[in-house]
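According to TrEMBL, the protein has these features:
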DOMAIN    14-146  domain 'EamA'
DOMAIN    158-292  domain 'EamA'
TRANSMEM  12-31  transmembrane segment
TRANSMEM  37-59  transmembrane segment
TRANSMEM  71-94  transmembrane segment
TRANSMEM  100-120  transmembrane segment
TRANSMEM  132-152  transmembrane segment
TRANSMEM  158-177  transmembrane segment
TRANSMEM  189-209  transmembrane segment
TRANSMEM  221-239  transmembrane segment
TRANSMEM  251-271  transmembrane segment
TRANSMEM  277-297  transmembrane segment
Amino acid sequence: MSKANEVSGSKGWITSYLALGIVWGASFLFIEKSLTFLTPVGVAFFRCALGALALWVVLLRRKMRINRDYLLFLQLWVMGLLLNVFPGILFAYAQEQVSSILAGIMNALTPIMSILMIMIVFRSERLSFEKVFGIILGFFGVVIVLVVGQTIGQTSASAIIALLLAVLCYGASYPFSSKYIIPRKLSPEILATTQVSLSALTLFPFFLLNGFHSYEISLEALLSILALGVLGTGIAYIWNFRNVELAGPSLASTVTYITPLVAVILGFLLLGEPLTWNEPLGGLIVLIGSAIAQGRVRVVRRR
């Protein structure tokens, strides 16, 4: 029975792990489709509002209650700004001008940005040769993506800056969470529901001012924003929690290496976006740099 449970748990982890990588990788495709009728603010709001709705359903079914801790609310509001509000707007804004492929590749910088924020802002880790080498290699990969293929000359500087700021926000969220949120040892479902709900409330006034490009909504666009919100921002949290529980946080976090690959494949096959040789090469170098900086790949043998 123990062996059967182990096999069952392994299968459950693999399924949710792959599902999470596919859904997060497909988010760039969903953003592209949603922008046909929504503004960047509208995309960010709907993905948070629909994600919050999905999480509230889970919370109520499990009969869990939100903690009335105003300091926690403030901390989760900041987390929401870093994970949902700013990146949600910035990625959508950038994708009005760049391909979903480029956005997905740039998203692979998240682990490197996280390490930079940990060392520079939070100062909770020391520099090492592997961290420095991985960071430099990662940014070299970005140069190959943007400069070698002359993408930087064909794309507005504001779109590239928006992508970099978005992944910087993602990077800052991990050390912030480790310092202020994780030590509270509260239910992940409660934390996620509170965070995404606060993000939706923050975006709501701006959505009312400028939420729609057009009121002509295709079924494809409607399904895209539903998938982006319910799956990509709601159910994805639950899958991520399951992966951490069954596989551990270190292995579960490697899903960030899958999402750029999915984004590139879907952008090329379903959106017909052009793919030049330098983009997958640069993306691969970014991923290798991230893996080295995180200590997953050793370039120097320890004695």
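Every residue gets a Cβ built from N, Cα and C, even glycine.
Same-chain residues lying 6 or more positions outside the transmembrane segment (100-120) and placing a CB less than 8 Å from one of its CB atoms are 25, 28-29, 31-32, 91, 94, 126-127, 131, 134-135, 138-139, 142, 145, 151, 155, 163-164, 166-168, 170-172, 174-175, 256-257, 259-260, 262-264, 266-268, 271, 273, 275, 279, 282-283, 286-287, 289-290, 293-294.
Against the transmembrane segment (189-209), the recorded stretches 12-31, 221-239, 251-271 differ in Cβ pairs under 8 Å, and the greatest number is found for 221-239. Contact counts against the transmembrane segment (221-239), taken as Cβ pairs under 8 Å, peak for 37-59 among the stretches 37-59, 158-177, 251-271, 277-297.
Sequence-remote contacts of a segment are chain residues at least 6 beyond its ends whose Cβ falls under 8 Å from one of its Cβ atoms, and for the transmembrane segment (12-31) they are 43, 91-92, 95, 100-101, 103-104, 107, 224-225, 227-228, 231-232, 235-236, 239-240, 242-243, 246-247, 252, 255, 258-263, 265-267, 270-271. The largest share of C-beta pairs under 8 angstroms with the transmembrane segment (71-94) comes from 158-177, of the ranges 37-59, 158-177, 251-271, 277-297. Sorting each residue of the domain 'EamA' (158-292) by its DSSP state yields 113 helix, 1 strand, 21 coil. Mapped onto DSSP helix, strand and coil, the domain 'EamA' (14-146) counts 108 helix, 1 strand, 24 coil.
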